[in-house]
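Asker: What TrEMBL records for this protein is below:
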- 1-247: domain 'Tetrapyrrole methylase' (DOMAIN)
- Leu9, Asp84, Gly87, Ser112, Ile113, Leu163, Val233, His258: S-adenosyl-L-methionine binding site (BINDING)
Amino acid sequence: MLYLIGLGLGDAKDITVKGLEIVRRCRRVYLEAYTSILTVGKEVLEEFYGRKLILADREEVEQEADNILKDADISDVAFLVVGDPFGATTHSDLILRATKLGISYRVIHNASIMNAVGCCGLQLYKFGETISIVFWTDTWRPESFFDKVKKNRQNGMHTLCLLDIKIKEQSLENLINGIEFYIYRGRKIYEPPRYMSINQAAQQLLEIVQNQRMRGEEPAVTEKTLCVGLARVGAEDQKIATGTLQQMSTVDLGGPLHSLIITGDNMHPLEMEMLSLFSIPDNSSESC
């Protein structure tokens with residue numbers, strides 16, 4: 001059996017009792033290590049679970065899934081995912097691969113950012129399509145996702161923005177310069193991990209707003225649009241801040257992971273009252 005087990009959003013103790021029981025009896029236990037992170041490291045998880053974990057990066061999961069599925073038809077293999085197992089399409093692909101090989105699977109669900117965003121007071125059924133905001137580069141500055149934000153706002157829906165994570169990524173320079181090194185030393189050169197902050201996401205959004213104005217378009221979002229910043233949802237030091245998009249470009253919510261919500265129009269009075277609990281101070285450059 002292949003088990004896909006959600007770990008929740010906080011720390012080692014957020015795993016369900018059912019999930020923990022399965023982890024402790026599996027022959028191999030993989031920890032997916034690229035779509036999200038917990039507030040604790042692999043060693044803390046191993047101590048609490050009482051099992052050694054095998055880190056599975058993007059390359060392992062997407063290109064070498066057969067290694068994960070090996071012997072899963074005759075023994076139990078667990079694949080651990082921060083949040084809920086279906087928070088990323090990669091995990092659906094793993095299930096499809098298992099099914100084609102005749103391997104049974106079972107999913108153990110847990111909390112994910114997709115439902116935990118309700119902690120800010122916005123009503124979950126009023127969220128539209130979720131988007132991802134990626135790190136821009138000098139040569140790649142995509143804006144196409146902004147159409148989905150516009151559509152959500154036209155429908156009075158909130159938009160959850162998932163912010164980019166870069167783990168075990170190779171820069172173009174490292175890809176080029178590392179070829180010879182890799183051939184002779186047998187390893188690749190990776191960039192340090194990077195996690196997009198609320199500030200970075202807001203700054204990119206503000207630039208898109210300006211770009212649209214320069215093209216003679218009327219942006220669906222402006223500097224004054226009400227937004228919600230969330231950091232480390234589910235952890236003991238979780239932080240929430242409500243303010244304009246302009247304020248989000250300077251507010252400090254601390255370490256990763258961050259998420260951003262662009263609110264829709266015509267919010268319910270209870271939503272507005274809840275958001276007021278997290279209003280950014282006048283001096284938005286200060287930490288919240």
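Using the three backbone atoms N, Cα and C, a Cβ is placed for every residue, glycine included.
Bear in mind that TrEMBL entries carry predicted annotations, made automatically and left uncurated.
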Asker: Are there residues of the same chain, six or more positions away from Leu163 (S-adenosyl-L-methionine binding site), whose CB falls under 8 angstroms from its CB, and which are they?
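Answerer: The answer is Ser132, Ile133, Tyr195, Met196, Ser197, Ile198, Gln200, Ala201, Leu257, His258, Ser259, Leu260.
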Asker: Which of these binding-site residues has the least crowded Cβ, counting other Cβ atoms within 10 Å: Asp84, Gly87?
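Answerer: So among Asp84, Gly87, the binding-site residues given, the one with the fewest Cβ atoms within 10 Å is Gly87.
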Asker: Considering the binding-site residues Leu9, Ile113, which residue's Cβ sits among the greatest number of other Cβ atoms within 10 Å?
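Answerer: Result for the most crowded candidate: Leu9.
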Asker: For the S-adenosyl-L-methionine binding site, please report the maximum Cα-Cα distance among Leu9, Asp84, Gly87, Ser112, Ile113, Leu163, Val233, His258 in Å.
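Answerer: Farthest-apart Cα atoms in Leu9, Asp84, Gly87, Ser112, Ile113, Leu163, Val233, His258 are separated by 17 Å.
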Asker: If you count Cβ atoms within 10 Å of the Cβ of Ser112 (S-adenosyl-L-methionine binding site), leaving out that atom itself, what do you get?
Answerer: 23
